[in-house]
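Undergrad: One structure, pasted below without further comment.
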Amino acid sequence: MAKTLYEKLFDAHVVYEAENETPLLYIDRHLVHEVTSPQAFDGLRAHGRPVRQPGKTFATMDHNVSTQTKDINACGEMARIQMQELIKNCKEFGVELYDLNHPYQGIVHVMGPEQGVTLPGMTIVCGDSHTATHGAFGALAFGIGTSEVEHVLATQTLKQGRAKTMKIEVQGKAAPGITAKDIVLAIIGKTGSAGGTGHVVEFCGEAIRDLSMEGRMTLCNMAIEMGAKAGLVAPDETTFNYVKGRLHAPKGKDFDDAVAYWKTLQTDEGATFDTVVTLQAEEISPQVTWGTNPGQVISVNDNIPDPASFADPVERASAEKALAYMGLKPGIPLIEVAIDKVFIGSCTNSRIEDLRAAAEIAKGRKVAPGVQALVVPGSGPVKAQAEAEGLDKIFIEAGFEWRLPGCSMCLAMNNDRLNPGERCASTSNRNFEGRQGRGGRTHLVSPAMAAAAAVTGHFADIRNIK
């Protein structure tokens, strides 16, 4: 029977499936960070259990860390306790930890792929909703809760029901300057923020195949923002070339054997999906969210929508509430909306290609008066690479702040946050009320669009910036 990529990955990992019971899946990689793991390790300790597969478990610090100093005390008591607990737990249970002083430390979903921990065909879990990022490699990757973190630590397995399948095909080629972030925001604009609920999404089509691995990671990272369980892109030569030579990737003949298997990880001809969505790449322009969920998104050259234009009463009420929170009036051009802060970073857009795209806009320009702009590389290796290329100097000369790796202003769990009423052009993944700080107003954009907002002081079409 013809199978989708998701069905192949799921079926290959079923350890046991009794009739009328939820299947038990084997987990190939478990990524751990300081926020969702302390109680899980306490649970192991209370029952005298070891970590079943410490060699398949990798930990880092990201959510709570300061991006201005490597001092563990910098972000307050709760952050310090969580980081100290992670150090203690990893030492006691034999788990590899990339702590604040480790050169590989960084956002968990940046660290995994760049170290070759993430490989095609794997099941990957983490106590973090944006674990879907790793699906860019043709891996089944999804976020789990803290009780499930404990279960995986103890057994290297997890009970998981089968999801529905969705194909999202982006046909044709994207226009110059249109990024994976624009593509995925356009997709969510079409599906809505709950359009993928109960599904695992496979992204395909020419515009997706044209993306680099970093672009595919941005795409899959935000699958969760349309309500999907996970996002997938079938592995191809782009994938294999990215993986080859990385620290934890197979070497020599093992790599060749792995590639031979990875090439089978494609949706079969004739396989059926529960839901199919199609977009035309050439119709996608630079995207900016205007509301308080990622589906409330428009082209940069559009006007803020009028809630009265929504036929659905729920959407209309949601739009009214969003505009009130965001302090926006219907009908005004988006490019007239001024911003206070810019955040370039997060597990969505903090990799080297993202920083290059932002630096290209920042070069030779200055951050607009009254705007604070942060650039936060996703990991130690990304920061080192950017500095080797001189990107840090471009940003600093333009008036951006060049920070240490971490989750930073994506979420208000550290010192980087918005004050009430502040408006931010952000390359992160969520624009919910209070996500970047109580009363903060978040607009999601690509790295180049964020840099353009920083230097102009308002939203601007990067295609018009010469």
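Quick reminder: no glycine exception, Cβ is built from N, Cα and C everywhere.
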Undergrad: Out of Cys220, Cys347, which is the one Swiss-Prot records at the [4Fe-4S] cluster site of Cys407, Cys410?
TA: Cys347
Undergrad: Taking the centroid of the Cβ atoms of Cys347, Cys407, Cys410 as the [4Fe-4S] cluster site, which other residues of that chain lie with their Cβ within 8 Å of it, listed in sequence order?
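TA: Close Cβ neighbours, site residues excluded: Asp62, His63, Ile107, His130, Gly345, Ser346, Thr348, Ser350, Gly406, Ser408, Leu411, Ser428, Asn429.
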Undergrad: With every protein chain in view, what's the tally of Cβ atoms within 10 Å of the Cβ of Cys347 ([4Fe-4S] cluster binding site), excluding that atom itself?
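TA: Excluding its own Cβ, the number within 10 Å is 28.
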Undergrad: Counting every protein chain present, what is the number of Cβ atoms, excluding its own, within 10 Å of the Cβ of Cys410 ([4Fe-4S] cluster binding site)?
TA: 29
